[in-house]
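Novice: Annotation comment: TrEMBL describes 14-129 as domain 'LD-carboxypeptidase N-terminal'. According to TrEMBL, the active site, nucleophile annotation covers 109. TrEMBL lists 172-288 with the feature domain 'LD-carboxypeptidase C-terminal'. The active site, charge relay system annotation in TrEMBL covers 203, 273.
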């Protein structure tokens, strides 16, 4: 069983750090939003630091994340943004204090490294959702799902889509996943999540269609896909094509890899590098129910 950190209460202190790329502009909207939820916001050194493309060198980014994880007064840790860099510091982080006193870790994109590492090694629930930098473009609905996840409100969600037929079915399992490219980058490492009997969520941004095809073939050949209980396909935004064209949509690429299995497959989940990036609680047991056009995700 995964452990669930204590849900937030008004007055709780939360930290914002940058374990990956540096911030262009500011996160004022993110800070004001969190304060509007009644939270006290503290900001790490990395939020105002740039070192080449990173928010400080590896040592500083590791130390900043370590501070936020270790400080017992901090109840949640937000990555300000993604980008690249979490994999460079993950092996420097001591999770012993975090394991003894779990707290919410929030982020997506490159933060999939941290989500996956925690799910594999510590089985503590984390939140895949909007980050303070993306609050300014995030929809009201997506930010509300993040608030619900943090404060312990009902997270069950149902939607319909007709762009590509889902595979109907029902399955229960722990929710894992995040950015597809990042999942591939930790494949075979100590941060590679265990896929057996899990419900996998995937999303990505700015990839070529052939690259998505290649990454999914890698997961399939590694035996990851056949072990799943279910698959949720989120946003694949700003996709790139070749000339001549690759010839398949993302949905067709995914379907080719999983059509021989019988678990439910949900397309079009509103999460990923999109404005309507709904929060998902990774590590929680969920029930995924699909018809050809409808999807229901219930937290157990």
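Glycine is treated like the rest: Cβ placed from N, Cα and C.
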Novice: Given residue 273 (active site, charge relay system) and residue 203 (active site, charge relay system), what distance in Å do their CA atoms have, once rounded to a whole number?
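Specialist: With the alpha carbons as reference points, the distance is 8 Å.
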Novice: Specify the count of other C-beta atoms within 10 Å of the C-beta of residue 273 (active site, charge relay system).
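Specialist: 19, counting other Cβ atoms within 10 Å of residue 273 (active site, charge relay system).
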Novice: Please report the distance from the Cα of residue 203 (active site, charge relay system) to the Cα of residue 109 (active site, nucleophile), rounded to the nearest angstrom.
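Specialist: Taking the Cα atoms only, residue 203 (active site, charge relay system) lies 9 Å from residue 109 (active site, nucleophile).
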Novice: Let's check the environment of residue 203 (active site, charge relay system): how many other CB atoms sit within 10 Å of its CB?
Specialist: 26
Novice: What average pLDDT does the predicted model assign to the domain 'LD-carboxypeptidase N-terminal' (14-129)?
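Specialist: 99, rounded to a whole number.
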Novice: Counting only residues 6+ away in sequence within the same chain, which have a CB under 8 Å from the CB of residue 109 (active site, nucleophile)?
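Specialist: Counting only residues 6 or more apart in sequence, the Cβ neighbours of residue 109 (active site, nucleophile) under 8 Å are 81, 82, 83, 131, 178, 179, 182, 205, 273.
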Novice: Name the secondary structure element type, per DSSP in three states, that contains residue 273 (active site, charge relay system).
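Specialist: Its secondary structure by DSSP: coil.
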